[in-house]
Ligand SMILES: CC(=O)N[C@H](C=O)[C@@H](O)[C@H](O)[C@H](O)CO
Ligand SMILES: CC(=O)C(=O)O
């Protein structure tokens, strides 16, 4: 069993993998990035090499280096560093799990393999179990993201009896809008000290009502402060303020979703708000358009997420 650790709570930023204009990983800005999250956004947990981090577009060697850099730079600054180690190859996934343990990460997360897919709960559990066993001292999180993996096995079903199979199981990152499934995960596991981490940032308040203990998301990179205000309002049972904060966040996310929003756009927005150059995404993804950036910038400004002194356009010069 994993050593009883402090439960993963509050906001977890799904980190972006910064890249150079030539498509190589830009390790040099990760130190600054850690400081930015902690000092400017009040976010002290990270989720590395996930969807936002283009984890599945990196080589195994790159994933190891990225994980190591975040753990090193985050030491004594971050509370927890969770590494996503999911891969299509069980061997690769196990290698990454072992590596996460070696470098002193605080946990590992795994998505369902999405090419040759598990067709039922037991088959999926078996795969996850083999990965978890490669890092027997690390808390294990299942990353449920059916829209991207195509694996629609309900999380509620998966969690039923999971600790018997995976003794290090510690929680769920739930990136889906099915609040019945999410609520039942919480309801049926109340006796257990699991972390229930919600992954749809624009609906977090509803998930808090349903029992979420934290959240992992891309927007906490740059809307962490605002989202923390929502969490605080919820804590003190000031639901009308909490709702106002959620609506404000929704106005931004709704706006960008309509323009077309994904990892590329997240990289551009983070560059704009933090001033730290995130660079382009890796193919098949393509850089966000100049038009997207102009529109997003105007929206961020009008919602008060970007003060005019924050504008660090220099880093966006390569967008055209
Ligand atoms: C599919 C995806 O990347 N989801 C992210 C995390 O799970 C979220 O943080 C979204 O980016 C966010 O909720 C906006 O839709
Ligand atoms: C959003 C998220 O959790 C991810 O990028 O994996």
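One is the number of the first residue shown, and numbering goes on along the chain from there.
The backbone N, Cα and C atoms fix where each Cβ goes, glycine too.
DSSP classifies residue 52 (pyruvate binding site) as coil under the three-state reduction. Residues or ranges marked as pyruvate binding site in TrEMBL: 52, 216.
Counting only same-chain residues six or more apart in sequence, the Cβ atoms lying under 8 angstroms from the Cβ of residue 143 (active site, proton donor/acceptor) belong to 50, 84, 86, 109, 110, 111, 173, 175. According to DSSP, residue 143 (active site, proton donor/acceptor) sits within a strand segment. What TrEMBL records for 143 is active site, proton donor/acceptor.
Feature annotation from TrEMBL assigns active site, schiff-base intermediate with substrate to 173.
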Original post:
Near the Cβ of residue 173 (active site, schiff-base intermediate with substrate), how many other Cβ atoms are there if near means within 10 Å?
Top reply: 29
**OP:** Filter the candidate list 52, 143, 216 of recorded positions, keeping only entries whose CB is under 6 Å from an atom of ligand 2.
**Re:** 52, 216
Original post:
Quick one, of the binding-site residues 52, 216, which Cβ has the fewest other Cβ within 10 Å?
Top reply: 52
